[in-house]
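Okay, structure first, notes after.
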Amino acid sequence: MNKIQHISFITKKNPLVSYERVGALQNRFVQHYLNYKANKVEQPPKPTIITSQVCPVYTLGRRESSINFTKGFPKAKVVKALRGGQTTFHGPGQILAYPIIDLKSFGLSPREYVSRLEQAIIATCKSFGIEKAHTTKNTGVWVTENDKIAAIGIHLRRNITSHGLALNVSTDLKYFNYIVGCGLYGKNTTSFKDQGVFTDLKSVEKVLVNNLDSFLMSK
């Protein structure tokens, strides 16, 4: 049984949700943690993971003020995010996973936290036969030195995590052609489908959440 509470927006009836709606729920959980730390509420919050598949959107990192598309203007919204990192794309065929936990409770540094996110993603990829999944000097999970399958961008406030990871399962990769993903020139984005693995989001979501639970909840 998972130690972490899981809330999923990925359903057959409503497979897509707005990025803003996911963010609003995430902020509610973060605020609960902050209120608890400030002794404003007695009930401690539960460690939580929110997973979703959002409508097409480009998000800017907190240090960016605008986006420069490399060619034309794609049909997608542009939204400012609090996470670290630079511009990336979120949309159909991609799993967004936002863990909301107190790093201090688990004795994790921000660097160790990111490392555990990467380990959970790698374990998930390998469960579906993508054995080449690995880390490099650049944050995220890669299948070659130039092909990234998952991006990571986090935000911390009083050791409370928000935002998290984006894992490409069957994402339409053309959206990445309009940007320099995460500010990394000469790098590409790949997906399970692009790697010859054809599966559905719910199957990958289940394995990913179990792996995140295993890697994040162990002290």
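Glycine is no exception: its Cβ is also placed from the backbone N, Cα and C atoms.
What Swiss-Prot records for 43-219 is domain 'BPL/LPL catalytic'. The feature substrate binding site is assigned by Swiss-Prot to Arg83, Gly84, Gly85, Gln86, Thr87, Thr88, Phe89, His90, Ala151, Ile152, Gly153, Gly164, Leu165, Ala166. According to Swiss-Prot, the site 'Lowers pKa of active site Cys' annotation covers Lys148, on the basis of similarity to another entry. Swiss-Prot lists Cys182 with the feature active site, acyl-thioester intermediate.
The separation of Phe89 (substrate binding site) from Lys148 (site 'Lowers pKa of active site Cys'), Cα to Cα, is 13 Å. Counted within 10 Å of its Cβ, the other Cβ atoms near Lys148 (site 'Lowers pKa of active site Cys') come to 26, all protein chains included.
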